[in-house]
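Student: Below is one structure. I have some questions about it.
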Amino acid sequence: MLKEMQIQTNQESKALKYSFTVLQKANKLLNKGHARSIKAKKNILISFLVKGISIAISFILVPLTISYVNASQYGIWLTLSSIIAWVSFFDIGFTQGLRNKFGAAKAHSNILLARIYVSTTYCCLALIFSILWIFLISINQVINWHSLLNIPAAMEGEVSRLATIVFSYFCFQFVFRIINTILIADQKPAMASFLDMLGQLLSLAIIFVLTRFGNGSLLRLGLAVGIGPTLILILSNFFLFKTKYKNYRPSIALIRREYAKDIMTIGLKFFLINVVAIVQYESSLFLIAHYFDTVQVTAYNIAYKYFSSLHMVFTILISPLWSGVTNAYNCGDIVWVKNVVKKYLLILIPFILLGAVMLVFANTVYELWIGKNVVIIKSSISLLCYIFFATGMFASIFVSVLNGIGALKVQFITAIFTSTAFLLVSLTLIKQYHTGVESILIASIVANVYGYIIAPLQYYNIFIRKSKASIWYK
């Protein structure tokens with residue numbers, strides 16, 4: 001008996017020693033390299049945990065929400081949310097302009113300049129979204145939701161009231177989300193993701209409670225989804241500007257019109273580029289609802305969400321890249337930029353392979369996730385979603401680098417043509433060739449040509465070839 005206890009003690013001792021050794025090696029690896037890289041690695045590690053929880057919440061929300069309302073009503077909710085999300089681009093690129101300007105100011109240790117940018121951005125967005133809210137509430141009274149969303153006439157009033165709720169919390173949230181931009185610009189994307197996750201978690205809890213009391217309601221669903229993130233953003237603004245970001249807290253005295261123009265110079269380019277993104281994704285749901293039905297919106301969204309989970313994980317890894325490049329480029333550290341791009345390309349390989357495995361088992365996962373025969377999703381939709389996100393992950397590496405240095409002119413010019421190309425290809429395939437929902441994904445892949453062809457070429461000309469042609473750097 002004593003001998004067995006000694007053996008067990010020795011085994012436990014070896015296990016503890018092995019665990020301690022692993023932790024030591026992990027800690028050494030985590031703290032190895034340039035300070036910028038160490039910061040990025042720590043953010044990535046924390047982000048994996050936070051994003052993992054966010055993905056889980058997102059997956060749980062789909063069947064929970066469908067069970068609370070139904071597949072058709074859930075499709076209405078998704079479509080309305082996507083239309084309302086269009087208003088996010090009325091910030092005219094202010095938040096992304098702030099991201100680059102704040103990051104550059106911090107790289108040069110100019111606290112006053114960084115605070116001026118923060119104060120000016122809060123003022124401008126508060127003004128923009130106050131005017132926009134009044135406009136949206138006004139036009140909501142005359143919008144024919146019955147025709148626009150292809151819904152039963154009896155639901156007109158309910159959807160109109162839902163739109164009022166969503167318009168209100170969305171505009172309110174957008175101003176307070178500036179704190180997330182500051183965190184990301186300061187190379188702390190994990191903290192920004194954590195705040196988003198808390199908002200999601202609170203919304204999930206509220207929807208879960210709603211499913212236990214009373215019948216499904218689109219209005220209560222809208223309130224539940226909006227109240228969580230809004231509350232978290234308000235609290236985080238007050239807390240962070242009282243503590244960690246006290247030196248950067250917004251002040252009326254530091255609002256500068258000339259700095260608004262400075263932010264908008266780069267922000268307007270981001271604005272048009274983002275308009276292309278909204279056309280490609282958000283209008284996809286609208287086009288499907290308009291030309292097919294809201295059940296097809298649900299089917300498309302489930303496949304999209306399934307493969308987007310892979311992209312979300314890759315986004316965790318790449319999230320520090322943009323602001324890291326801004327810092328490195330302003331400090332003249334070009335070698336760091338080239339090395340980090342090579343590492344990301346190697347990391348991408350297992351993601352592409354994992355995506356192929358996800359494609360093989362897609363139908364099985366759909367049945368386990370949503371339930372058998374609840375929503376029918378064609379294999380062609382899954383295949384196109386895989387291709388869309390595989391090319392998107394590759395593109396995101398080079399686009400993040402170019403965004404970080406503010407080299408947007410080529411992307412800006414391309415965006416003008418790709419937005420039109422998306423709509424033309426979509427409508428041609430739908431009307432002339434009767435391709436079905438697949439037409440939306442085919443058009444999206446074609447329209448993303450900048451990311452997976454032109455952006456790598458631009459990166460090569462700037463960092464490898466060091467071309468003297470100014471167009472690549474603008």
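Please read every residue number as a count from 1 along the shown chain.
Cβ coordinates come from backbone N, Cα and C, glycine included.
Values in this document were obtained by computation on a predicted structure and should not be read as measured data.
These came from TrEMBL, pasted as-is:
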{"type": "TRANSMEM", "residues": "44-68", "note": "transmembrane segment"}
{"type": "TRANSMEM", "residues": "74-95", "note": "transmembrane segment"}
{"type": "TRANSMEM", "residues": "116-139", "note": "transmembrane segment"}
{"type": "TRANSMEM", "residues": "159-179", "note": "transmembrane segment"}
{"type": "TRANSMEM", "residues": "191-211", "note": "transmembrane segment"}
{"type": "TRANSMEM", "residues": "217-241", "note": "transmembrane segment"}
{"type": "TRANSMEM", "residues": "266-292", "note": "transmembrane segment"}
{"type": "TRANSMEM", "residues": "312-332", "note": "transmembrane segment"}
{"type": "TRANSMEM", "residues": "344-369", "note": "transmembrane segment"}
{"type": "TRANSMEM", "residues": "381-405", "note": "transmembrane segment"}
{"type": "TRANSMEM", "residues": "412-434", "note": "transmembrane segment"}
{"type": "TRANSMEM", "residues": "440-460", "note": "transmembrane segment"}
Student: Answer with yes or no whether the transmembrane segment (44-68) touches the transmembrane segment (116-139) by the criterion of at least three Cβ pairs under 8 A, sequence separation 6 or more.
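Tutor: When sequence-distant Cβ pairs are counted, the transmembrane segment (44-68) does not touch the transmembrane segment (116-139), since fewer than 3 lie under 8 Å.
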Student: Can you tell me which parts of the same chain pack against the transmembrane segment (412-434), counting only residues 6+ beyond its ends and a CB-CB cutoff under 8 A?
Tutor: 269, 272-273, 275-276, 279-280, 283, 287, 291, 440, 442-444, 446-450, 454
Student: Against the transmembrane segment (44-68), which of these stretches has the most C-beta pairs under 8 Å: 159-179, 217-241, 266-292, 312-332?
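Tutor: If we count Cβ pairs closer than 8 Å to the transmembrane segment (44-68), 312-332 scores highest.
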